[in-house]
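**Q** I'd like to ask some things about the structure below.
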Amino acid sequence: MKHISAVYNPAFTNIASKLNQTELLKDAAQSLNIQLDFFTCFDINTNQDKTKLPFKSNTILFLDKNIALAQWLESVGLRVINSSIAINNADNKALSHAVLAQHPTIKQIPTLIGPQNFRLAWYPEKLEQFIEQIKRCFQFPVIVKSIYGSFGDYVFLCKDEQKLRQTLSGLTEQIIVQQYIATSNSEAVRVIVVNNQVVGALHTQNEGDFRSNLNKGAVGEPYQLSQEETKLAITISQAMQLFYCGIDFLFDQDRSLIFCEVNSNVQLTKSSMYLKTNLAIQLLASIA
């Protein structure tokens, strides 16, 4: 029997999603006759010899976002999925756009990377300078996002300068600012890629919120990708060095897909529900 070890953080903010994902993985492992052992990040002592680590497998499905821990596991010779560099680039929305900017064929939402130390409310003149820069780059509405955040959290729609100033004044973490894509109309496409193959695509739409996240009340239905769209998703996953991921696209004015963001530790439960298949089966089968 093949073994895979999974590492997760029990203090994960969205407890329900974490538990559902765990059950999905357990069911997938059972159907594939794989021994999947779960460990919390607290089970790993980085101050001990690697021979004393609790894993029966050299392959770690890393469900945490602790980049330092992932890098340490790699340093002792373990295969970590996703890799520390891939998690870092995907988890940081500013880095994601910087990495993909090296690939001009990947169309992205117009994005402005904000200053790293974001306490502009303490410096009114600098805050006004940044607002003027945003106004030169974009037309209202604009989207303000913390560079870290999942499930649609820390994402703000600013319809005018007053709302933008209010939003920026209350933030202390680095952000990105993006043009609001009105043609997408609270809808998006989530593409799941595993080991350079698209294993599922979902069209999502939210009637009650500008965010199209399933965790924010959006509903989903299967989406048929064209060959060009499939190639685009795989190109993004390869550029980000991600073994598996969820890529979110919006629709531009021509109804072509435009990159929004990528998720390294993608939650598979709701996508599996709408696609009527356990996506974790493809994930574990590709890892084993």
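Cβ coordinates come from backbone N, Cα and C, glycine included.
Annotations per Swiss-Prot:
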- 107-288: domain 'ATP-grasp' (DOMAIN)
- K145, Q178, Q179, Y180, I181, A182, T183, S184, N185, S186, E187, A188: ATP binding site (BINDING)
- D248, E261: Mg(2+) 1 binding site (BINDING)
- D248, E261: Mn(2+) 1 binding site (BINDING)
- E261, N263: Mn(2+) 2 binding site (BINDING)
- E261, N263: Mg(2+) 2 binding site (BINDING)
**Q** When you measure from the Cβ of E187 (ATP binding site), how many other Cβ atoms are you left with inside 10 Å?
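**A** I count 16 other Cβ atoms within 10 Å of it.
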**Q** Report, in whole Å, the straight Cα-to-Cα distance of I181 (ATP binding site) from E261 (Mg(2+) 1 binding site).
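**A** I181 (ATP binding site) has its Cα 14 Å from the Cα of E261 (Mg(2+) 1 binding site).
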**Q** May I ask for the distance between Q179 (ATP binding site) and D248 (Mg(2+) 1 binding site), taken between their Cα atoms and rounded to an integer number of Å?
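**A** Rounded to the nearest whole number, the Cα-Cα distance is 16 Å.
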**Q** Name the secondary structure element type, per DSSP in three states, that contains E187 (ATP binding site).
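**A** DSSP call for E187 (ATP binding site): strand.
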**Q** Which one of the binding-site residues (D248, E261) has its C-beta surrounded by the most other C-beta atoms within 10 angstroms?
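**A** Top count of Cβ atoms within 10 Å goes to E261.
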